[in-house]
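Written out below as structure tokens is the structure these notes cover.
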Amino acid sequence: MLPSQPLLHTAVLTLAVLQALASDTFIAAVYEHAVILPDVTDEPVSPDDALALMNKNMDVLEGAIKEATQQGAHIIVTPEDGIYGWHFTRETIYPYLEDIPDPAVNWIPCTDPTRFGPAPVQERFSCMARNNSIYVVANIGDKKLCNSSDPSCPSDGRYQYNTDVVFDPEGKLVARYRKYNLFMSETQFNYPKEPEAITFETPFGKFGIFTCFDILFREPAVVLVSELQVDTVLFPTAWMNVLPFLTAVEFHSAWAMGMGVNLLSANTHNISLAMTGSGIYAPDGARTYYYNMKTEDGRLLVAKLDSHPRLSPASSPAVSWSSYALSVKRFSPNDHDFSGLIFHDQFTFTELTKPEGNLTVCQKDLCCHLSYKMAGKREDEVYVLGAFDGLHVVEGQYYLQICTLLKCKSTDRNTCGQPVEMAQTKFEMFSLSGTFGTNYVFPEVLYSGVQLAPGDFEVLNDGRLISKTRPTKPVVTVTLFGRWYEKD
């Protein structure tokens, strides 16, 4: 006699859990989604029309979830804004929102969909998780009524939150995170009164979750890693790439390495807005990543990760980021320092005029040291060493210390700092360090064509970022991106 569907589901789930428990590794998946966008309108659509649009996107995500399951994935992360996009006002986003309860209510929307009122989106994601026996991470909109007794209550009588949800393999809601650091264009949402530090336990480690712009701030990002000691961070994002430092795959990989955790980064895909770049990152580099500015295709990524990366033999010891730079004398003095802008920040640059050498460039309290040897200096390519020590104030306020070796856009030094994707110059060696005042420094190496360099460089305990391959592939930038949270 064939087993009933509930018994079969329980057996499959039990087997999946036992398999995860039997190993110190797990299979992770992220999906970069080319979101089907609604028509831009000044008037709210009907709830039925909103749900119809979200169902089109969820059809695509469900296909990715099924494929990930077939490849053995235990968890899948989908992008920020992945079911409705981003062209909204407070009023026009409202039909897309649902009331998302606190996970403490112990709720499986798939089997009890009307317990908290209409929740078709949560029901569908819950069923995707349950039917495929996989953790599903999705970004949806939350709404909460408020009244005049709450002095912070918006004039329309409701809070609206950019919210991540996590459903476990039974379909139960196990995590809800409301984005705290809203990007400047997210006027349709409120931020919570206090930042949330959301974690949950799985058979393959302790997980934390936050969204997109949150990664650049102490709360919740550093709190989750440094204080709550999560093993893996789930990261739905809609990341607009900003070369040379904040391209998605480059910065997210560097953040995972600098923080010593796994990062599952799922980006939206929209090349007209330069949105692309998803990856599965470990402390020792990218396990897999995707960057495509040519076509409008989505992409599923699947890779194996250590469940507890801090316990891995490959886990790096703590780095004293300024140790080497503070111990050396200033290299050759610079008579040709000049200024240039990178993402609106005023850097101090000095040019690499010789095929090899030692250089120092300083700004305020930060001095950046570079030893290098080019594998044949090209006359049609200009490289500079740059330093920035200050408060970035464009789309948010956060304090940075950055040391960078980068290729200029042309031989005109006025182009230094402008976005560059292609290069031809290779290096026999490089060693970059700086007198950082922060311990939160993220190492980045970006090759021509926006290619990462996992395994091609390492960070020494004294804070030097050095090349390991001879020669390197053509270099776009080598960067130590320091984030001085304490000075914000």
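Each residue, glycine too, has its Cβ placed from N, Cα and C.
What TrEMBL says about a protein is an automatic prediction, not a curated fact.
As given in TrEMBL:
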{"type": "SIGNAL", "residues": "1-22", "note": "signal peptide"}
{"type": "DOMAIN", "residues": "31-307", "note": "domain 'CN hydrolase'"}
{"type": "ACT_SITE", "residues": "GLU80", "note": "active site, proton acceptor"}
{"type": "ACT_SITE", "residues": "LYS179", "note": "active site, proton donor"}
{"type": "ACT_SITE", "residues": "CYS212", "note": "active site, nucleophile"}
List of residues, in chain order, with Cβ under 8 A from that of the residue listed as 'active site, proton acceptor' and at least 6 apart: ASN139, ASN162, ASP164, THR211, CYS212, PRO236, THR237, ALA238, ALA266, THR268
Under 8 Å by Cβ from LYS179 (active site, proton donor), counting only residues of that chain that are 6 or more apart: TYR161, ASN162, THR163, ASP164, GLU186, PHE189, TYR191, PHE210, THR211, CYS212, PHE213, ASP214
Cβ packing number for the residue listed as 'active site, nucleophile', 10 Å threshold: 26
